[in-house]
Ligand SMILES: C[S@@+](CC[C@H](N)C(=O)[O-])C[C@H]1O[C@@H](n2cnc3c(N)ncnc32)[C@H](O)[C@@H]1O
């Protein structure tokens, strides 16, 4: 590897990851080489014929080894981009997924005239949903809660790094149990995998995301039942509700919400699909009484 140029290192990395059946070999090799060398994508292209620095070469190889064993890029680098924000992630947080941006977009499309909404994010993890909303809505304030101290620490650090920590607070709470001011908007991406399906998850998920972020109980719907039952504690009457769901859960989650008096059909309400066309978000309104 001595005397290897940046573009040779990149090709070698791509081939190595392909051999290890990593579907996104080309992208991953590039992102890992950028991180190892501290170079932007453009700089990599412009300086492809320069020799890679020895320490960068060693770090790159370490990253490739970890990736070839199935560790996701975000976990190797300890960060992930979400809604254009650079978020820190840790072993205590779910790795925020691009699909969850569908929920952020749904809320932004619907907050409408509410100039200073108060937002609650139940099961905030690294803070992805709340921080994306606060960064897009400069007058909004929000409270993220989680059952994991480690996740809350990460979310706070992310809020500081993004510069919204004066409008974001994070507390330990079993869903909505902590009493606060009632919210105009309640969002959640709760764990929604049925327990029996957990052993079959892709290798990037199993063993890297914390179990607490995935396990939705016997049928994957338990957190929705808990959250629905706690709506009077967290949501103003008629508050906007946006919950991420698994692809087969739309009707069941709408049934749970309408069972507690929430509105699930009407203008702007219903099920939304992600970019791949799969059901991904339920938008509803909290009970009005
Ligand atoms: C699927 S992850 C979502 C994380 C983040 N909102 C996101 O979209 O990236 C679910 C989160 O719910 C949290 N959680 C699980 N059970 C909880 C409970 N009873 N009360 C509050 N949070 C809980 C987990 O710790 C995890 O951070």
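Backbone N, Cα and C define each Cβ position, glycine as well.
Unlike curated entries, TrEMBL annotations are predicted automatically.
TrEMBL lists 123, 124, 125, 126, 127, 146, 175, 189 with the feature S-adenosyl-L-methionine binding site. Around the Cβ of residue 123 (S-adenosyl-L-methionine binding site), 24 further Cβ atoms fall within 10 Å across all displayed protein chains. DSSP assigns residue 123 (S-adenosyl-L-methionine binding site) to coil in the three-state reduction, placing it in neither a helix nor a strand.
The substrate binding site feature in TrEMBL is assigned to 189, 190, 191, 192. Under 8 Å, Cβ to Cβ, and six or more positions away along its own chain, residue 191 (substrate binding site) finds 123, 212, 213, 214, 215, 216, 223.
Sequence annotations record features per position, and here TrEMBL assigns domain 'Release factor glutamine methyltransferase N-terminal' to 8-78.
Per TrEMBL, the feature domain 'Methyltransferase small' maps to 118-194. Broken down by DSSP into helix, strand and coil, the domain 'Methyltransferase small' (118-194) contains 23 helix, 23 strand, 31 coil.
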Worksheet, complete the sentence: Sorting the binding-site residues 123, 127, 146, 189, 192 by sequence and keeping only those with a Cβ under 6 Å from ligand 1 gives 123, 146, 189
Worksheet entry | Residue among the binding-site residues 124, 189 whose Cβ has the most other Cβ atoms within 10 Å | 124
Practice prompt. Pick the one among the binding-site residues 175, 192 whose Cβ has the fewest other Cβ atoms within 10 Å in this structure.
Written response: 175
Practice prompt. Work out how many Å separate residue 124 (S-adenosyl-L-methionine binding site) and residue 192 (substrate binding site) at their Cα atoms, rounded off.
Written response: 14
